[in-house]
């Protein structure tokens, strides 16, 4: 099959679960609604409460914006496919989905590395925190978190679009660059080099930096009081949980793209694919909403005000 005849891709990882597709649809729809409402609550609370206009909370709100971006790029199409007997996706829709999901993942990793920098300065150099992490710095870091993944993903996507293809079956529940590259009729060495560079810049370097900052924070905490350690633990634990969860999800998605999915249990492969686009957006607001008392208190205040108005 040549490139000019591939107008649709067939997502082959969907499992035929018969009647159970309807309960699965309801559960996934509820999860999507929870992700939307919880992340919107975080964004509204941080935006409206002036006491939360600090770097850490602004970065948390940025995480929630990114979660909304990634979820709305995945769930509507996924919910349609759950109820459908065929799982064809048009070429433009497939490449659009790739761009959204990849930029979402890279932006999530970049934002978490920026948050690690903020925590590192707050713990290791507290006297200069307000001078180093200013409002202008926050804006620049936020712009970087969106622009760098957008450029690297756009370059990789452009190269994938140019590939002549000899098939249209993708062993995924959503479109992915690597799976499309495997359908290529020609060498994909250039695509592989760009993909490796993008992974190093957007995943490996942030991973190394976050580990470095936490190593420095641990060294500082070793010489500090119990009260200081408790405060650091309270602010860093949510970030650590999210970072470990995202890293594990990315690792699973990369491994799944390289493995022969036909040799895996279909349900197991489906769960691994869903983890990448489901767990981080769901954990972000739940972890920060439950673990940080300032956000928790203001969410309850907002809910109380809404109940009073009703």
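Using the three backbone atoms N, Cα and C, a Cβ is placed for every residue, glycine included.
Caution: TrEMBL annotation is automatic and unverified by curators.
Residues annotated as transmembrane segment in TrEMBL: 20-45 (among others).
The domain 'G-protein coupled receptors family 1 profile' feature in TrEMBL is assigned to 38-288.
Sequence annotations record features per position, and here TrEMBL assigns transmembrane segment to 57-79 (among others).
The transmembrane segment annotation in TrEMBL covers 99-117 (among others).
The transmembrane segment annotation in TrEMBL covers 138-161 (among others). If one looks beyond the transmembrane segment (138-161) by at least 6 residues along the same chain, the residues whose Cβ comes under 8 Å of a Cβ in the stretch are 55, 58-59, 62, 95, 98-99, 102-103, 106-107, 110-111, 114, 117, 177, 180-181, 190-191, 194-195, 197-198, 201-202.
The feature transmembrane segment is assigned by TrEMBL to 193-215 (among others).
Residues or ranges marked as transmembrane segment by TrEMBL: 236-256 (among others).
The transmembrane segment annotation in TrEMBL covers 268-290 (among others). Sequence-distant contacts of the transmembrane segment (268-290), counting only residues of its own chain at least 6 positions beyond either end whose CB sits under 8 Å from a CB of the stretch, comprise 13-15, 31, 34-35, 38-39, 41-42, 60, 63-64, 67-68, 70-71, 74, 101, 104-105, 108, 172-174, 238, 241-242, 245-246, 248-250, 252-253, 256, 261, 296, 299.
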* Asked: Any idea what the model's mean pLDDT is for the domain 'G-protein coupled receptors family 1 profile' (38-288)?
  -> 86
* Asked: Other than its close neighbours in sequence, what residues sit by the transmembrane segment (20-45), given a CB gap under 8 Å and a spacing of at least six beyond its ends?
  -> 52, 60-61, 64-65, 67-68, 71-72, 75, 78-79, 82-83, 278, 281-282, 284-286, 288-289, 295, 298-299, 302
* Asked: In the same chain, who gets a Cβ under 8 Å from the transmembrane segment (57-79) while lying at least 6 residues past its ends?
  -> 25, 28-29, 32, 35-36, 39-40, 42-43, 46-47, 89, 93, 96-97, 100-101, 103-105, 107-108, 111-112, 114-115, 118, 138, 142, 145, 173-174, 242, 277, 280-281, 284-285, 288, 292, 294-295
